[in-house]
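Participant: Sending over a structure as structure tokens; questions will come in a sec.
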Amino acid sequence: MSSSAAIDEGYQGPLASKIRAKLSAELAPSHLLVINESAGHGAGPTGESHFKVVVVSDRFASVARLRRHRMVNDSLAEELNTQSADHKQKIHALSIVAKTPEEWAASDAVPATPPCGGGGGR
Amino acid sequence: MVKANKVVVFMKGVPEEPRCGFSNAVIKILEFHGLKPDVYSAHNVLDNEELRQDIKTFSDWPTIPQVYFNGEFIGGCDVLIKMHQNGELIEELKKIGIKSALLAAQEEKKE
């Protein structure tokens, strides 16, 4: 766990921008982190494959956890599912933290993502 | 297929050798609760591209791993971790007639 204040979002390329734009538009977050964790996955310093998003939005109020994750997944459906020829516009792994502003005020801890087991980029 | 066992996991790799950190985390969590690979069904989507796509469509969930209890989609890695942390997983396992090893350990301590 680390406090959100200390989080480095990593390299922010075109895919990170797109993720940020879509989540902003669809979920109107009061706080949004798009953390690019691709560097640890053999993608190089400008890789965009592994992401963790922290979305704080009052749209999540009285919405169950699975449904919140679905809302985030739905917003990014194109980026999650479209297989571009060069694989560059595709999210390979997405970790989601979805909280209401009240929950975020109570705890802004962001859990660590499990280390990659080395799927050979698949 | 998702109902073939009380607990069914779609993952990358096999429980003995997961090929992805998220799949590994799910297997480790099940292990914490006393679920060894011989009591659940695990399907390696890396061996079957068709299955990999079909299961995503089936659950309307775009990522692997995916965990099912009694045929019901429970969640992926983030959801399982959260349920493990807040105790929900013990309750969900109870619903399908599986006593978590963590619960058994807690009870033992009390006695």
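Including glycine, each Cβ sits where the backbone N, Cα and C put it.
Just lifted these from TrEMBL, have a look:
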- B:7-74: domain 'Glutaredoxin' (DOMAIN)
- B:CYS20: [2Fe-2S] cluster binding site (BINDING)
Participant: With an 8 Å cut-off on Cβ-Cβ distance and a minimum sequence separation of at least 6, pull the same-chain contacts of the residue listed as '[2Fe-2S] cluster binding site', or say none.
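Facilitator: In sequence order, the residues whose Cβ lies under 8 Å from that of the residue listed as '[2Fe-2S] cluster binding site' (at least 6 apart) are B:MET11, B:LYS12, B:GLY13, B:ILE64, B:PRO65.
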Participant: Determine how many residues of the domain 'Glutaredoxin' (B:7-74) DSSP places in helix, in strand and in coil.
Facilitator: 26 helix, 20 strand, 22 coil
